[in-house]
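**Student:** Take a look at what TrEMBL says about it:
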type	residues	note
COMPBIAS	889-898	compositional bias 'Basic residues'
DOMAIN	77-173	domain 'Ig-like'
DOMAIN	180-263	domain 'Ig-like'
DOMAIN	269-336	domain 'Ig-like'
DOMAIN	343-426	domain 'Ig-like'
DOMAIN	433-516	domain 'Ig-like'
DOMAIN	523-606	domain 'Ig-like'
DOMAIN	613-696	domain 'Ig-like'
DOMAIN	703-786	domain 'Ig-like'
DOMAIN	793-879	domain 'Ig-like'
REGION	1-23	region 'Disordered'
REGION	877-898	region 'Disordered'
């Protein structure tokens, strides 16, 4: 046992009776939790001696304690590595996932990777069974240096805040496949090789799988030939071998690589004899030969002659001889051999040495040992199997480019005895990051919420030291991570965001092109747009367009119309086109967008339908009948969009129509005439106008214009029947008529009802009649009427004659209707107006006439005088008595009627 159970906390659940707290659990309690069968079969568990019911929600806690029990009794479970085996090609992005159970989320295990190849991403997650675990994802780019490495994920569990902990490891070994690397040629025997002897060149290379094919090439100036296959190349050296270069090509299924060129050092030369001459007596007895090379001096032979094959080095050494007899010795002056040989030890040097920054100038210098000195230097560039002459002279100066780092250069030194190539040199070209790009894993489309890893790749020398990740959303750019790899869970918004990396070394930095993730998600932000936008004129065509953000794009669009609680399918496809009606403005439409991952409805849209005024009508306030003199308001109502802008009021009276106002309301005081007039309004907006039906006011007023009409009209014959009719203008109509007769100052009620019928008498013509008309609002008397009664003339008894000595004067009054005429007859003869007989008349009102006759007479004459009155109805006469001469003057005469 590696942990102390009494130090592991247990938390009470919702079923506790006391306050929530943490209590220590002793080992017996822990063992109870380990007994899974007892927990599942029993109805309760005991914590600190208290029986607690085991509820369904407690099962998660039970599982947690079971896991803790396992940890307390044995080693913790090994972390799980995914995948369990890794075999990848160099340059591939590798993601290793390590997960370990976290029975106590408050003290989750700590996961570490050995070796730490890159940054890792750790997170605590909930499993499908509601237990917790910790996962760590290590992402890196596979290199040949990783081949055979053992990758270990270590889970460290702590039981408390102290030192009690336990670890558990899981490992795997990386297998990385890569093309040949570090390809090189070794020579056996090493050093210089005697002309005509055998030499073996061996090609060595590191590759996985191992190299399958070796190919040997010989370079002589611009000429390159294949000279063999296999890992070893054996041949006999010739004089020309010293001027040739050899390299090998190693190849496996993942690629190939060339070695640098090598050049054999071939020894060959001529024989020379040195003879020592000295004058001595006795003659020289001993000759000794010495070779001087710098400060070094060696004995190389005895005798008067010294014969040897001159090597190339002989040209730099000096020889002298020492002659000796019994009397002494003497040294000769030194001699130095003039040894001619072709170029040897040819090599190329780079200045400046070490790495060279791209774009800077570099000088290659060719060095070679030759006698006579090298006469011609030629420079070659090797790129793959291609060899090109790039210059002459001992020095070659040029500006390096990035590609210079992948090319090899060598020089050829030549004198009259031969030529030799230097080994190739390869420049170490430093340059800032180039060809920076981002790779997405997994490639293709990603489901919303899944994990993705972005890997930054860049060509740089020295290699990239810092990677920085940026997210671009519109004009906004944010730093989101560092390191060669960026791992995250893709939200839907990632599909609209762009990512790029910045690769940086000591010489500069470069951004990759942006990449946009292909994120699959169901339709979102679904909306409907109306074209043309804004208000739409009734009857015109409108197009609704459904827009939705989805990946893959929306496959099915369905349109629905909502009218109250009714929903109807009205079309399919991204666009819905129809002619709008007025009712379209009260309906709502929405679209449903669907792809393989789900569907979403847009918010409803309601069309703004413009139409000219409709259903124009007039409302009267107060409604019903209106008492004359009261204020009334007419309100014009019309359905229009945009709303009515102008209201105009018209009054119609017969054929006459007049504008009487503007505005939605027309207010005025009603008069009696208002009831005979009609009103209507005209409603107008920018799309048209519409008149309302006419309305006629119901105007109440008391009787007016009360009058009496007589039937028969005109004059009435005395004794005939006449009907008086009372007429009055009133609303409501007259309810009561009352008739009155006025005779002087006397006024009497003579009847009721609209008509009054009676027989006329002569006196009726002197009487006046009027009627009183009455309704609920008041009453009104008519003007009085007087009947025109026709009757024959009636001569008044007041007629008389008077006499003087010279004249007789008579007068006569008559009344009749129509007004009568009067004529005089004297002694039976009609009297006409003359100097002797003067007739004068005086009109007495409309129906009376007074006529006077004055005539001269003879003394003693007493004529008979009559007055005759006539009208259209008839006539009457009166005979007047003329006094005799004996009677007193002026005495009335007797009247006799005829």
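Every residue number used here counts from 1 along the chain in the order it is shown.
Heads up, the Cβ atoms here are built off N, Cα and C, so glycines get one too.
TrEMBL does not curate its annotations; it predicts them automatically.
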**Student:** Taking 180-263, 269-336, 613-696 as candidates, which has the most Cβ pairs under 8 Å with the domain 'Ig-like' (77-173)?
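**Tutor:** Of the candidates 180-263, 269-336, 613-696, 180-263 scores highest.
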**Student:** State the mean pLDDT for the domain 'Ig-like' (269-336).
**Tutor:** 87
**Student:** Per DSSP, how many helix, strand and coil residues does the domain 'Ig-like' (703-786) have?
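**Tutor:** Grouping H, G, I as helix and E, B as strand yields 5 helix, 57 strand, 22 coil.
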**Student:** As a quick check of your reading of DSSP, tell me how many residues in the domain 'Ig-like' (269-336) are helical, how many are strand and how many are coil.
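**Tutor:** Computed counts for the domain 'Ig-like' (269-336) are 5 helix, 39 strand, 24 coil.
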**Student:** What does DSSP give as the helix, strand and coil breakdown of the domain 'Ig-like' (613-696)?
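**Tutor:** Helix, strand, coil within the domain 'Ig-like' (613-696): 5 helix, 56 strand, 23 coil.
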